[in-house]
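Here is what Swiss-Prot records for this protein:
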TOPO_DOM  1-22  topological domain 'Cytoplasmic'
TRANSMEM  23-43  transmembrane segment
TOPO_DOM  44-74  topological domain 'Extracellular'
CARBOHYD  Asn61  N-linked glycosylation site
TRANSMEM  75-95  transmembrane segment
TOPO_DOM  96-99  topological domain 'Cytoplasmic'
TRANSMEM  100-120  transmembrane segment
TOPO_DOM  121-133  topological domain 'Extracellular'
TRANSMEM  134-154  transmembrane segment
TOPO_DOM  155-166  topological domain 'Cytoplasmic'
TRANSMEM  167-187  transmembrane segment
TOPO_DOM  188-194  topological domain 'Extracellular'
TRANSMEM  195-215  transmembrane segment
TOPO_DOM  216-234  topological domain 'Cytoplasmic'
TRANSMEM  235-255  transmembrane segment
TOPO_DOM  256-265  topological domain 'Extracellular'
TRANSMEM  266-286  transmembrane segment
TOPO_DOM  287-297  topological domain 'Cytoplasmic'
TRANSMEM  298-318  transmembrane segment
TRANSMEM  320-340  transmembrane segment
TOPO_DOM  341-358  topological domain 'Cytoplasmic'
TRANSMEM  359-379  transmembrane segment
TOPO_DOM  380-411  topological domain 'Extracellular'
TRANSMEM  412-432  transmembrane segment
TOPO_DOM  433-494  topological domain 'Cytoplasmic'
Amino acid sequence: MGNFIQGCKDYFSQQKNTNIRLTLPVVCFVWQIAMIILFGVFIRYDEESDTHWVETKAHDNITSDIENDFYFRYPSFQDVHVMIFVGFGFLMTFLKRYSFGAVGFNFLIASFGLQWALLMQGWFHSLDPQTGKIFIGVESLINADFCVAGCLIAYGAVLGKVSPVQLLVMTLFGVTLFAVEEYIILNLLHARDAGGSMVIHTFGGYYGLTISWVLYRPNLHQSKRMQGSVYHSDIFAMIGTLFLWMFWPSFNSAITDHGDGQHRAVINTYLCLASTVLTTVAISSFSQKTGKLDMVHIQNSTLAGGVALGTAAEFMISPYGALIVGFLCGIISTMGYIFISPFLEKTLKIQDTCGIHNLHAMPGVIGGIVGAITAAAASESVYGKHALINTFDFTGDFKDRTVLTQGGYQAAGMCVSIVFGVAGGAIVGSILKLPIWGDPADENCFDDEVYWELPDEEEEHQESIPPILEYNNHMIHKRQDLSESNFSVEHCES
């Protein structure tokens with residue numbers, strides 16, 4: 001038995017081989033060919049994107065192409081698409097030597113993930129039982145982007161510590177788990193979650209955190225020199241923040257009902273985000289005796305309000321209610337970066353590179369709670385009888401559901417997303433821990449040179465790069481910053 005255990009230890013601790021010349025091309029080619037075959041078998045245009053749209057218009061007495069769903073949904077789709085590829089990608093460029101990996105691997109897994117998501121979500125939500133086909137339109141593309149967002153959130157927890165092959169495997173399983181938990185929450189429990197506080201952010205957050213916990217690196221301090229930012233990398237990350245911040249109202253309203261529901265979701269998210277910024281700046285400044293702002297907080301915590309309002313965005317939460325949610329999220333998220341992230345790494349052994357627990361996981365749970373309370377408190381006097389039925393879709397098998405029952409199912413949906421994130425992350429993390437994926441050694445983490453060809457001047461002048469801004473580390477704060485903080489370390493540990 002002892003020899004077996006020692007053999008396992010030796011197997012998992014063998015020297016890292018980061019040469020992915022064979023594995024990455026094989027995985028990309030095989031999976032893309034598989035997508036082509038599966039799309040050929042299952043995927044077809046829906047009636048609004050098919051050439052038979054002309055006949056559909058005549059049959060349904062539609063007089064103008066403007067009634068095609070494309071013209072209603074495409075602006076929101078484009079905003080969401082920019083968030084996925086530009087917003088998430090650039091938000092993760094804060095590391096001084098991992099910008100290629102942040103944007104490039106974000107591009108890679110999003111491009112694969114959206115194809116797999118169209119299939120998985122199609123099989124669960126829109127498979128025609130008569131033809132066995134999946135009919136897709138512009139709303140399908142939005143939902144696929146939403147699915148990919150969960151995987152990109154998870155990527156933030158393991159940024160710089162995994163290989164592109166591991167990321168593709170993580171995305172394959174992540175999209176699959178997402179489709180299942182989304183079906184359970186939205187279809188079986190009939191919870192409402194237009195902006196994905198539960199389905200996207202809570203699941204993606206805990207999925208990534210659990211994978212990071214399984215892949216814990218006790219010697220990650222060997223790459224400490226890379227675990228920080230330089231001035232220009234923070235500016236690039238701030239570009240991602242601004243794109244996400246500007247387009248988050250579209251994210252939360254993209255698949256809501258036509259008319260007042262979408263209008264209300266935009267207003268609520270707009271106000272919530274604005275409130276979050278002021279609170280984040282206040283807490284960031286107050287936490288330091290010098291009153292200086294921490295760029296980590298400004299890049300990330302300012303977005304937490306958009307995450308937290310995702311579930312309740314289309315509800316009658318009222319404008320001042322949206323401001324309250326943003327106010328609370330700014331406090332909780334910023335305090336999370338100051339106290340909870342160091343605790344997670346030191347005590348729970350969770351190395352959260354981008355601090356997704358503070359930007360996605362915690363605000364996602366807050367969003368689930370806000371959604372449950374708001375749903376349970378809904379009334380005909382506020383919504384109107386028909387609007388109440390329309391907002392919560394109390395039709396068909398759910399026509400007799402009360403608002404209190406709906407609130408309970410909203411809370412149940414949040415629990416489902418956490419369970420899927422943690423359980424799925426544990427299983428997938430165990431698979432990714434196998435020493436066959438070409439992941440970097442501890443001393444080479446957070447360095448683009450492992451997987452990317454870098455410009456000659458970068459290689460020649462690597463040693464002359466300005467010192468990193470160590471305070472911009474999403475996992476651990478610099479000791480002197482904590483010692484100069486208005487919040488004591490003793491209070492943090494208590």
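Placed from the backbone N, Cα and C atoms, the Cβ positions cover glycine too.
Under DSSP, residues within the topological domain 'Extracellular' (188-194) fall into helix, strand and coil as 1 helix, 0 strand, 6 coil.
Highlighted: of the candidate stretches 23-43, 75-95, 195-215, 320-340, 412-432, 75-95 has the greatest count of Cβ pairs under 8 Å to the transmembrane segment (235-255). For the topological domain 'Cytoplasmic' (96-99), the number of residues in each DSSP class (helix H, G, I; strand E, B; coil) is 1 helix, 0 strand, 3 coil. Summarising model confidence by region, the topological domain 'Extracellular' (380-411) averages a pLDDT of 95. Tertiary neighbourhood of the topological domain 'Extracellular' (44-74): same-chain residues 133-140, 142, 254, 258, selected by CB-CB distance under 8 Å and a gap of 6+ residues from either end. Contact between the transmembrane segment (195-215) and the transmembrane segment (412-432) is present: at least three CB pairs lie under 8 Å, with pairs separated by 6 or more positions in sequence. Of the candidate ranges 23-43, 167-187, 298-318, 412-432, 298-318 has the most C-beta pairs within less than 8 angstroms of the transmembrane segment (359-379).
With DSSP states grouped into helix (H, G, I), strand (E, B) and coil, the topological domain 'Extracellular' (44-74) comes out at 16 helix, 2 strand, 13 coil. Of the two recorded stretches, the transmembrane segment (412-432) does not lie close to the transmembrane segment (23-43), with fewer than three CB pairs under 8 Å once pairs fewer than 6 apart in sequence are set aside.
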